[in-house]
Amino acid sequence: MSQATKRKHVVKEVLGDFITPTENQQIVKVTGSRGNNLHEAITAQGETFLVSMPTKFRKNIWIKRGDYLIVDPIEEGEKVKAEISFILYKDHIQFLQKQQLWPKGFMEEQSSQDKTSAKEEEAEEKDDEEDEGSDSEDDDSDLFVNTNRCNYQYSESEEEEDSDEEEKRTENGS
């Protein structure tokens, strides 16, 4: 199987399937990356340990601090106590919460994150209400936001004014 085909199947599996953890699996939150495909994770009870990323996910799926995972325990591990079984995204987390399978220790974090995101959404809605010409179809709230880049606000009216000025200059110059 080619690398592109493998990547396609792995991504489809991660994004499409809704998995519930088995009896020996647990849900953990990533607190940092330690390199060499090792990630530091914390359980809902507060236990911190390292988890390893299996080869099928390497260079195909990326995880970052704050992501949630389903992990399989490793019996003989001292430092590395689990292996990543599944990566949970927003839809997976909502599914597990509806199934009453989400750990209570992470419920408090989710509610505090929801409150902060709700405040941000309210501020954005107020900004949108101030803009008279905003389209409801151009909703980009579900797009990934790169926090490493500055957030620029672009205005279409400036572009229109610039093009009008250029047209006047070309008319006067000819």
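Yeah, the Cβs are placed from backbone N, Cα and C, and that goes for glycine too.
As given in TrEMBL:
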COMPBIAS  121-142  compositional bias 'Acidic residues'
COMPBIAS  144-154  compositional bias 'Polar residues'
COMPBIAS  156-165  compositional bias 'Acidic residues'
DOMAIN    5-89  domain 'S1-like'
REGION    107-174  region 'Disordered'
Report summary line: Secondary structure split (DSSP) over the domain 'S1-like' (5-89) reads 12 helix, 36 strand, 37 coil
Query raised in the report: Which value does the mean pLDDT take for the domain 'S1-like' (5-89) in this predicted structure?
Result: 87
